[in-house]
């Protein structure tokens, strides 16, 4: 999109229209007044010669003279547009002032200042007698190239929109290539649409492939499809690189079955995408547990002359371990070594992570020793996997020992390792130590992300340190970070448990004002709190808020609401809540609740008992 700064600049540069001169007889008063003005300069002999005789040498000399005076004027006067034409037209014919050769010469001399060149170009292009200025390819190209070189892409697009600027095709191609190289992909899409609509220019396949691949690298598969839509709409044929980017976009959007079908179609046509696509597809299929399709992809790779490399095996190991198939992952890992591959540190780390998730600590530590024995140095992620595992295993001594070993080996901490330590300390109730790690991060130059804050808030709130937890929440807001539902839920639960239901409700309301979607269980917690306190009115109000937010309360929440309403003999509300509970599929009532409902209904409205009993008995 056109940047705001570029829009302001173009408004400031809006050229002044050339003043039209009219001749008429002077009155006596005007004659006297005119006699006091400076005398108008006579046209120079060179100008007369150029116009009268048309000699080319004199014309070139005169154009150079004019260009010099124009450059001097536009460099030295802040608002030269108002007077430049009037000053120069007295000495030179306008046919030369706006001659394409003169405009080009001025732009050449001003090439070091693209924005001043743009001002002059717009001024010249706005003159009624020189509409051809903007259409002159050389002048247009000079201005356009200067703006592109200055990375003023919005201004470059603006002059194409607002004038008849027609840069040469090589400049247009360079412009689009620069946008892709700078990852300005939104601007590239806007530019290619503009160039097509205004100039009829369609870039060739290399640009489209660069844009498709760049969108994918930027994590914008949506842009990949938008570029591809224009590419096909304008009749540009794709190739293997195009297909690889499309398949990669499908993988990024988890549309793995479609990516697999595309791969089969490409294989039938003899087209083989690059290794990056194969790795992404195999990783996605392995992560989903689609091992049949994954096996077919591996066979297609071999048939296409692309045998699986270590990255493919690493993706398979990751997927198997993530799906709880660590034993299969270990088998693939051993097969990898038998085939002569030398697993690298990330591959070892993936396998260590899988073994840790299965609780096979000794084997994980054994693999770490094996990689060290092969001269491979564990990296930060390797240590983080092991430290995190020992915290979750309830072995803080081992976690601290491994963390110290990491630091002693020269590996510095980062946000992830600090977050792991904060979570570990909090899981063991060591909130003071967790707080110390959190507080020490800025001094070490380590960025605190939302996870850092969320983890500490959860630990402090769970440990009953509500005031400190709320303080950390306020720090998160002051740091300009955006909280999520998982940020505030521990605070809301802690406030409800402490009986401060008003503060809990206020915090949830604040989340809504900040456009943060609360977790459904946060609503449940507040409703239960009011019900336990016997405040049926507030419980009903928050129940309505829950449905209004698109959430469905849990069965336990409905049960507590019914108990509270029954205790207050609020029969109509009991029936309302009970019917809503059945409607949304929450039909599991505890034995005491059933008895309480029947007792309440029999005592107040016997005809409704049969209907209520039928709904209760319909509960599977």
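Heads up, the Cβ atoms here are built off N, Cα and C, so glycines get one too.
Residues annotated as region 'Disordered' in TrEMBL: 13-54. The compositional bias 'Low complexity' annotation in TrEMBL covers 33-50. Positions annotated as repeat 'PPR' by TrEMBL: 239-273, 309-343, 344-378, 379-413, 414-448, 449-483, 484-518.
For the repeat 'PPR' (379-413), the residues of the chain that approach it from at least six positions outside its boundaries are 345-346, 348-349, 352-353, 356-357, 359, 361, 364-365, 368, 420-421, 423-425, 427-428, 430, 444, 446, judged by C-beta separation under 8 angstroms. Per-residue confidence over the repeat 'PPR' (309-343) averages out at a pLDDT of 82. Within the chain, the repeat 'PPR' (344-378) has long-range Cβ neighbours (under 8 A, six or more residues past its boundaries) at 310, 313-314, 317-318, 320-322, 324, 326-327, 329-330, 333, 336, 385-386, 388-390, 393, 406, 409. Sequence-distant contacts of the repeat 'PPR' (414-448) (same chain, six or more residues past either end, CB-CB distance under 8 Å): 380-381, 383-384, 387-388, 391-392, 394, 396, 399, 403, 406, 455-456, 458-460, 462-463, 465, 468, 472, 479. Within the chain, the repeat 'PPR' (309-343) has long-range Cβ neighbours (under 8 A, six or more residues past its boundaries) at 275, 278-279, 282-283, 285-289, 294, 298, 301, 350-351, 353-355, 357-358, 360, 363, 371, 374. DSSP places the residues of the repeat 'PPR' (379-413) in helix, strand and coil in these numbers: 27 helix, 0 strand, 8 coil. Residues in the repeat 'PPR' (309-343) partition by DSSP class (helix H, G, I; strand E, B; coil) as 26 helix, 0 strand, 9 coil.
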